[in-house]
Amino acid sequence: MDRRLLLSALLFIALACSSNRVHGALNRHSFPEGFLFGTGTSAYQYEGAVDKRGQNIWDTFSRIPGKIADGSNADIANDFYHRYKEDLNLITAMNMDSFRFSIAWSRILPNGTISGGINKEGVEFYNSLINEVIAKGLKPFVTIFHFDTPQALEDKYGGFLSENIVKDYVDYADLCFSLFGDRVKLWNTFNEPTIFCMNGYATGIMAPGRCSPYASASCAAGGDSGREPYVAGHHLLVAHAEAVRLYRARYRAAHGGEVGITQVSHWFEPYDAGSAADRRARRRALDFMLGWFMHPVAHGEYPPAMRRLVGGRLPAFTAEQSEMLRGSFDFIGLNYYTSNYAVAAPPPNKLHPSYLTDNWVNATGYRNSIPIGPPAYTPIFFNYPPGLRELLLYVKRRYNNPTIYITENGTDEANNSTIPISEALKDETRIGFHYKHLQFVHKAIQEGVKVKGYFTWTFMDCFEFGDGFKDRFGLIYVDRATLARFRKKSSYWFADFLRR
């Protein structure tokens, strides 16, 4: 027997035997009928096969020395492009209901536009993937854009800094709806626009790597940290609204699907609960992180705090755009990883404006040197399950109780090549993380929040953008040298938790 197969078989036996339910009575049947349990991926982080698509901004960014923590790239990634059929078997083995993945814009349209040509091989790949997902008894949950702007459009007009992106994105979304919408019933226009705009245009630590010189000397692409994040976000919101309007007019009646947008937010607690200034800071922190993209799709305008503090650097919606944005979702995706304390900050330096300081808030994970929750491997993340319930209740109150899918929740550990794989698979911390968060999701549902699903991040260890492969979020371990897959203990725990 192949040594890797033998090792995998032995690990299967050991971990399966130790995967008995280690927590209380909560399980799949505790949640409402039809509740979706799933796991997620994204195209650039998983697919590989870079030679079979057009270039995107991450292909360019990852080749700039120093931009990726471990110097890696995602040319091969997890080679999901060639291994998806066997990989989907791992998802069904965990008794999941749904698989969340994204379509690579440049794999469908290598030059970013319809006129630039459609890649038939790319279309065939996604058709085959969707068909296989359904054949496995899984519901496809598809993201149209997950940070990977075609490089051709970045070169042509600056990507999301130009209003030209709106038409090209809507054309691309239209093509996706027409090609795959007969089988895909859950569409997500954009993933985490806050992260895309903040780190792509304010800090420069993610593609396209733009920021002001005073924000970072390493932003060789140039930029304006006080203006460009808002410009890119504005065009993204208009593109989202146009795509939703098109779907509702052209496809919804025939396909019967739904379209949403995935937001991301920390929960924030006031550093000093007795301080009115810190309580106001908590509200501003939520407005700038969640409200930036949630308020427009719910109310047709930016949060009042953003309009007041950002002023003329924040673009204004036309009356038509505002009307189009208002209610432009059937559901909200919500990604949650951590909570912070919000501390009222003094007015920022007017000569150095930045999205990062416009909210007049200092966020920290520590109060009196005590963390808000156990720190994860990624230093900005803290394990604080009550924060997810608080965030869900906040969205319910502030935004008229929308339908919510928790589209990402997860924790990581270091990619430590010095320990045996058999030890790396023992991820008890991840089991406790998900169980405790699911307890608070269950509680929020009992309190009237319309949560319809919970997706782990991530299905298997993958390229984590600026961190490269140095951390592992997956339920499945990937050996970077061989790309062999090994089930972690958490994957067996989910199989037990989700037993039908």
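Just so it is clear, glycine is given a Cβ too, placed from its N, Cα and C backbone atoms.
Going by Swiss-Prot, these are the annotated features:
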- E192: active site, proton donor (ACT_SITE)
- E408: active site, nucleophile (ACT_SITE)
- Q45, H146, N191, E192, Y337, E408, W457, E464, F465, F473: beta-D-glucoside binding site (BINDING)
- C211-C219: disulfide bond (DISULFID)
- N111: N-linked glycosylation site (CARBOHYD)
- N362: N-linked glycosylation site (CARBOHYD)
- N409: N-linked glycosylation site (CARBOHYD)
- N415: N-linked glycosylation site (CARBOHYD)
- N416: N-linked glycosylation site (CARBOHYD)
- 1-24: signal peptide (SIGNAL)
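Long-range Cβ contacts of N416 (N-linked glycosylation site) within its own chain (separation 6+, distance under 8 Å): A424. For N409 (N-linked glycosylation site), the same-chain residues lying six or more positions away in sequence with a CB closer than 8 A to its CB are N335, Y336, Y337, L388, H434, H437, Y454, F455, T456, W457. Looking at N415 (N-linked glycosylation site) and F465 (beta-D-glucoside binding site), their Cα atoms lie 14 Å from each other. Non-local contacts of C211 (disulfide bond) by the CB criterion (under 8 A, 6+ apart in sequence, same chain) comprise Y201, A202, T203, G204, C219, G223, S225. Geometry remark: N362 (N-linked glycosylation site) versus the residue listed as 'active site, nucleophile', CA distance 25 Å. Taking all protein chains in view, 22 other C-beta atoms sit within 10 angstroms of the C-beta of F465 (beta-D-glucoside binding site). Summarising the environment of N111 (N-linked glycosylation site), the number of other Cβ atoms within 10 Å of its Cβ, over all protein chains shown, is 19. The residue listed as 'active site, nucleophile' sits 10 Å from N191 (beta-D-glucoside binding site), taking the CA atoms of both as reference points. Remark: Q45 (beta-D-glucoside binding site) has A74, A77, N78, T458, C462, F463, E464, F465 as non-local neighbours, by Cβ distance under 8 Å and separation of at least 6 in sequence.
All protein chains included, Y337 (beta-D-glucoside binding site) registers 23 other Cβ atoms within 10 Å of its own Cβ. Taking the recorded positions N191, N362, N415 in turn and counting surrounding C-beta atoms within 10 angstroms, the largest count is reached at N191. When every Cα pair among Q45, H146, N191, E192, Y337, E408, W457, E464, F465, F473 is compared, the largest distance found for this beta-D-glucoside site is 18 Å.
The Cβ of the residue listed as 'active site, proton donor' lies under 8 Å from the Cβ of F147, T262, Q263, V264, N335, each of which sits 6+ residues away along the same chain.
Calculated from their C-alpha atoms, the gap between N191 (beta-D-glucoside binding site) and N111 (N-linked glycosylation site) amounts to 21 Å.
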